[in-house]
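Q: Got a structure for you, written out below as structure tokens; questions coming shortly.
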Amino acid sequence: MAADIFSKFKKDMEVKFAQEFGSNKQTGGDITDKTAKFLRLGPEQDPRKVEMIKAGKEIAEKRGIAFYNPMMHSGAPLGQRAITPYTISGTDIVCEPDDLHYVNNAAMQQMWDDIRRTCIVGLDMAHETLEKRLGKEVTPETINHYLEVLNHAMPGAAVVQEMMVETHPALVDDCYVKVFTGDDALADEIDKQFLIDINKEFSEEQAAQIKASIGKTSWQAIHIPTIVSRTTDGAQTSRWAAMQIGMSFISAYAMCAGEAAVADLSFAAKHAALVSMGEMLPARRARGPNEPGGLSFGHLSDIVQTSRVSEDPAKIALEVVGAGCMLYDQIWLGSYMSGGVGFTQYATAAYTDDILDNNTYYDVDYINDKYNGAATVGKDNKVKASLEVVKDIATESTLYGIETYEKFPTALEDHFGGSQRATVLAAAAGVACSLATGNANAGLSGWYLSMYLHKEAWGRLGFFGFDLQDQCGATNVLSYQGDEGLPDELRGPNYPNYAMNVGHQGGYAGIAQAAHSGRGDAFTVNPLLKVCFADDLLPFNFAEPRREFGRGAIREFVPAGERSLVIPAK
């Protein structure tokens with residue numbers, strides 16, 4: 001496998017630096033060359049830039065105020081260096097750099113939309129209220145009827161109340177509710193259109209793990225309309241869902257809208273039986289639940305679905321790294337906390353051109369050779385986490401990565417920033433340590449050691465302050481203080497020290513995933529999230545985040561939440 005990935009990495013470098021793209025005149029040369037000319041061809045060398053310049057001029061003329069002009073670049077035109085394409089790692093998709101900015105990429109937007117607009121609400125508490133307080137009978141037939149009512153109401157349609165305005169179905173066609181349960185007997189009675197079938201979506205072993213964790217409980221996987229969460233925020237998801245749940249119970253079970261039991265149903269839907277994707281942030285970051293800063297690394301690992309369709313533990317982790325770098329670096333830190341150009345190329349370093357993949361699969365072979373197959377799927381084959389093991393694997397990984405950059409200067413040109421290289425080197429080391437030990441905090445130790453080795457070798461990591469969290473991170477891997485020493489799976493973008501800067505959080509998420517994909521676990525932290533997103537009806541395919549980003553870049557991805565129906569045709 002490592003040899004195949006190495007060949008693909010070299011092919012990606014050739015596509016990027018030895019073949020002409022647009023009119024950048026990159027034909028010829030070798031990917032190991034140490035020198036090359038900057039031809040200073042300007043932005044017109046790139047097809048997308050030409051399109052953007054044309055659009056910018058037309059818009060400026062139409063609105064009468066200056067707009068996009070790449071000549072406003074510190075007195076020198078954009079495009080002094082060659083503008084080169086990216087290959088999406090793990091795929092053959094080649095795309096324009098600009099098309100990996102999330103504003104230009106509908107798939108990236110939809111990935112976050114699909115997370116933000118989702119919540120999980122338990123059914124059992126509501127059913128107990130109906131049975132014990134109201135004397136209602138709850139059967140598979142009544143549950144199916146309730147779900148039919150709910151799928152009418154959840155997009156914003158009326159029940160119970162007459163003469164209420166409603167949302168147009170064509171604007172909210174991505175909104176629906178399904179249920180799942182660990183009770184096979186109940187699942188058999190649920191109308192299949194409403195069921196996420198654990199036995200169908202997961203392997204036999206994974207399904208057994210998940211059902212053992214969920215037990216006989218039943219849950220609703222709720223996806224409110226994309227257009228709603230875009231207009232409001234992530235905190236609206238549970239409120240929108242709870243309102244429609246309450247009205248649907250009233251309608252389906254012939255309740256009186258004003259009776260006291262409605263308050264219990266509402267409390268269950270809004271609080272007691274609610275599982276949000278992300279936690280509320282403190283006031284200084286002022287974000288409610290279901291916003292990126294509150295999405296833990298373990299939750300993201302469970303949202304990504306690669307573990308359902310692949311038995312390759314390294315690939316499973318790399319897909320989470322890609323998803324995490326896009327969400328945490330490009331959208332969270334790059335816009336929520338910063339803005340504008342954002343931090344796109346911190347993230348692309350981890351999911352393009354197979355540079356991280358090449359390093360990781362080298363590590364897999366190294367671990368399997370030295371530690372008797374410890375990087376293959378299994379629980380009994382793991383090497384015990386220790387400082388010596390972490391030092392060995394992380395050092396080997398980092399030195400290989402550094403040597404690759406030095407042997408292939410094109411990889412250095414690709415990852416032109418020190419912080420990009422630091423992210424990739426440390427992510428490979430951390431994922432490798434996690435795979436070998438089945439211990440995510442050992443993976444964190446590998447990440448931090450990689451940073452120290454990198455700085456020792458090359459004298460610096462990234463921009464000033466990039467390595468703040470890395471300089472103090474090792475001391476907190478096993479701290480007794482809960483806010484410092486959390487397992488990696490429970491940490492997130494708002495964990496102390498992690499909120500400082502880019503180029504880290506996606507790697508931490510991949511490290512969390514690697515510990516569990518290496519063990520063959522069906523989920524990382526929460527089986528409810530793993531099942532909730534095991535659903536082909538979602539617009540974004542969470543089994544292949546990187547490929548979806550590529551489809552968005554080449555304009556093949558079809559998003560939800562569009563307003564074409566209610567605006568003039570162009």
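Count begins at 1; order follows the chain as displayed.
Keep in mind that glycine also has a Cβ here, set from the backbone N, Cα and C atoms.
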Q: Among Arg230, Arg239, indicate the single residue that Swiss-Prot lists for the coenzyme B site containing Lys270, His271, Arg284.
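A: Of the residues offered, the record points to Arg239.
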Q: Run through Arg40, Arg285, Arg519, Arg563 and tell me the one Swiss-Prot describes as 5-methylarginine.
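A: Going through Arg40, Arg285, Arg519, Arg563 one by one, Swiss-Prot annotates Arg285 as 5-methylarginine.
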Q: Look through Asp302, Asp357, Asp380, Asp470 and state which residue has the annotation (Z)-2,3-didehydroaspartate in Swiss-Prot.
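A: According to Swiss-Prot, the (Z)-2,3-didehydroaspartate annotation belongs to Asp470.
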Q: Drop a 10 Å sphere on every Cβ of the binding-site residues Arg239, Lys270, His271, Arg284 and tell me which sphere holds the fewest other Cβ atoms.
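A: Least crowded of the binding-site residues Arg239, Lys270, His271, Arg284, by Cβ count within 10 Å, is Arg284.
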Q: Hey, what's the widest CA-to-CA gap across Arg239, Lys270, His271, Arg284, the coenzyme B contacts in the record, in Å?
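A: Answer in Å: the longest Cα-Cα distance is 24.
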Q: State the three-class DSSP label for Gly465 (1-thioglycine), counting H, G and I as helix, E and B as strand, and everything else as coil.
A: coil
Q: Test of understanding: give the count of other CB atoms lying within 10 angstroms of the CB of Gly465 (1-thioglycine).
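A: Step by step: centre on the Cβ of Gly465 (1-thioglycine), count other Cβ atoms within 10 Å, giving 11.
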Q: Spatially, which candidate from the recorded positions Gln161, Arg285, Phe464, Gly465, Cys472 is nearest to Arg239 (coenzyme B binding site), comparing Cα atoms?
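A: Given the candidates Gln161, Arg285, Phe464, Gly465, Cys472, the nearest one is Gln161.
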